[in-house]
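Reviewing the structure listed below.
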Amino acid sequence: MLKVSAVLCVCAAAWCSQSLAAAAAVAAAVGRSDGGNFLDDKQWLTTISQYDKEVGQWNKFRDEVEDDDFRTWSPGKPFDQALDPAKDPCLKMKCSRHKVCIAQDYQTAVCISHRRLTHRMKEAGVDHRQWRGPILSTCKQCPVVYPSPVCGSDGHTYSFQCKLEYQACVLGKQISVKCEGHCPCPSDKPTSTSRNVKRACSDLEFREVANRLRDWFKALHESGSQNKKTKTLLRPERSRFDTSILPICKDSLGWMFNRLDTNYDLLLDQSELRSIYLDKNEQCTKAFFNSCDTYKDSLISNNEWCYCFQRQQDPPCQTELSNIQKRQGVKKLLGQYIPLCDEDGYYKPTQCHGSVGQCWCVDRYGNEVMGSRINGVADCAIDFEISGDFASGDFHEWTDDEDDEDDIMNDEDEIEDDDEDEGDDDDGGDDHDGYI
C-alpha cells in the first residue's frame, strides 16, 4: 500500500510540473508584445538604415541569405547533445510551421525546416535516424566583426566578405564579390557633383541604370530558378491572381515585376519600388522609375515597366537579327523565323513566319498583340508604338510565354468551372458562394 501511494505521489508531482510549465509558456507568449508571433518580433523586422522603412514593418524582400543562418546551416556545425535542458536556447525560440529548432550551443539556436534538415543529412551521407553527433565541416566559420556589406555575383548582399565565402562553401557554388556595398552595384563612372545637389539625369545615365538593374534582375532570377518549387512556396496566393494579364516583357524583367508586385494588382506603388532604392547616393535610380510613370499617377503598370526598360536598350529587332545571323553562321537554318525590321532597327507592325504560314501584329519592340495571330497576312494597320498608351490607367491582356502548359491547362479548367458556375447561378436564383 505504501508503494502504491508513493507511485501516485510521484505521478501527481510530474503532472503538476508539466501543467505549470505549459501555463508558464502560455503566459510568456501572452505577455509578449507580439503575442507569441515571431513575425512581429523586432529581430525579424527590417531597420530604417537598411531599407529606409519604418521600424516594425515586415520586408518581404529582405535578403534571406543572411537570415539567421537558415540557408547556411549544415550538419557540420557544432551540436552539443549534452546541453542542459534548463539552458536550452530553443526554449526561447519560436519556429514557424514545418520547422524545428536546432541548438548549437547555449546561446545559438536556429530554425530548420524538416525537408532542409533531411536534405542536408542526405548530402552529408548521414541517415537522420542514425545521427549521433557533429560532422566535421570544411567551411570556415566567420568571426563577429563590424559589417562591411558586399554584393555577390549571385545578386545577394552579404554583411561582409567572409559571409559570402562561407555561403559559397556551404552551397558548393562559385560566388565572387561583384562590388562593395549593397546590390545592385553602382556604375563605374564617378559623379563629380555633390550628393545633396539634385540634377537632371541624362539619357546615357538612364541607360546605365537600366542595364545595371537588368543585370541584377538576371542574377537574382538565375539564382532563384535553381529551385523550381520556390515560386509555389513563396507565392501561395498566385492561384487567386488573374494570370491572363501579365507583363509583356519576358525573362528577368517580367519575373522581377511579379516579385515586386506583392498585392497582385499589376501596379507597382512607391512602397513596392522602395526595395530597389538601396543606394542613397544613386540619384538616377529613382529618377529613372519616375520617368517610367507616363501617367504621372505614382504607379507603374506592367506595361510601363516593360517599355521603360526596353526603350533604354539597343534597337531590339536589329539586335535579334544580329544574334540569329551569329548563330546561323554561313548556313541558313530551314524553318528559322526571321524578324522584319524597319530602318531604325525596330520591329515592323506585321511579322510573319513563312514556314508555318502565320502572321501576327507586334509593337515596335516585338511584343505580340494578343489575338492577332492568324493563318495568312494579318491586318496590322494600327500603330502600336507605345509612349504611355498602355499605362497604369489602362489594362490590356497579354500572354506570358514562361507559363507552363500545366498553368494553361489550369486556366482552361477554371474557365470551364466558371461557365458551370454561371449555369448554376442561372438555375439557382440569387444564391452566391461568397466570391465576386
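Placement of Cβ uses the backbone N, Cα and C atoms for every residue, glycine included.
Residues or ranges marked as signal peptide by Swiss-Prot: 1-22.
Cys90 (disulfide bond) falls within a helical segment according to DSSP. Residues or ranges marked as disulfide bond by Swiss-Prot: Cys90-Cys101 (among others).
Here the Cβ of Cys111 (disulfide bond) has 20 other Cβ atoms within 10 Å, regardless of which shown protein chain they belong to. Taken from Swiss-Prot, the feature disulfide bond covers Cys95-Cys111 (among others), and the record attributes it to similarity to another entry.
A simple way to gauge crowding: the CB of Cys139 (disulfide bond) has 17 other CB atoms within 10 angstroms, across all the protein chains here. Look at Swiss-Prot and you will find Cys139-Cys169 (among others) tagged as disulfide bond.
As annotated by Swiss-Prot, disulfide bond applies to Cys142-Cys162 (among others). The Cβ of Cys142 (disulfide bond) has 17 other Cβ atoms within 10 Å, all protein chains considered.
For Cys183 (disulfide bond), the Cβ neighbour count at a 10 Å cut-off comes to 23, with all displayed protein chains included. In the three-state DSSP classification, Cys183 (disulfide bond) falls within coil. The disulfide bond annotation in Swiss-Prot covers Cys151-Cys183 (among others).
Mean pLDDT, taken over the domain 'Thyroglobulin type-1' (314-380), works out to 84 on the 0 to 100 scale. What Swiss-Prot records for 314-380 is domain 'Thyroglobulin type-1', and it gives sequence analysis as the kind of evidence.
Around the Cβ of Cys317 (disulfide bond), the same chain contributes Pro339, Leu340, Cys341, Asp342, Gly345, Tyr346, Tyr347, Lys348, Gly366, each under 8 angstroms and 6 or more positions distant in sequence. Marked as disulfide bond by Swiss-Prot: Cys317-Cys341 (among others).
Around Cys359 (disulfide bond), the same-chain residues six or more apart in sequence whose CB sits under 8 Å from its CB are Thr350, Gln351, Cys352, His353, Arg373, Ile374, Gly376, Val377, Ala378, listed in sequence order. Annotation note: Cys359 (disulfide bond) sits in a strand segment as assigned by DSSP. As annotated by Swiss-Prot, disulfide bond applies to Cys352-Cys359 (among others), with the evidence given as similarity to another entry.
When other Cβ atoms within 10 Å of the Cβ of Cys380 (disulfide bond) are tallied across all protein chains shown, the result is 18. Annotation source Swiss-Prot lists disulfide bond at Cys361-Cys380 (among others), citing similarity to another entry.
Per Swiss-Prot, the feature O-linked glycosylation site maps to Ser387 (among others); the stated evidence is sequence analysis.
For Ser392 (among others), the entry in Swiss-Prot reads O-linked glycosylation site.
The feature region 'Disordered' is assigned by Swiss-Prot to 393-436.
Annotation source Swiss-Prot lists compositional bias 'Acidic residues' at 399-430.
Comparing Cα positions, Cys111 (disulfide bond) lies closest to Cys101 out of the disulfide-bonded residues Cys90, Cys101, Cys151, Cys361. Geometry remark: Cys139 (disulfide bond) versus Cys162 (disulfide bond), CA distance 11 Å. Cys101 (disulfide bond) has Cys162 as its nearest neighbour among the disulfide-bonded residues Cys162, Cys361, Cys380, going by CA to CA distance. There are 23 other Cβ atoms within 10 Å of the Cβ belonging to Cys151 (disulfide bond). Cα of Cys183 (disulfide bond) to Cα of Cys142 (disulfide bond): a span of 21 Å.
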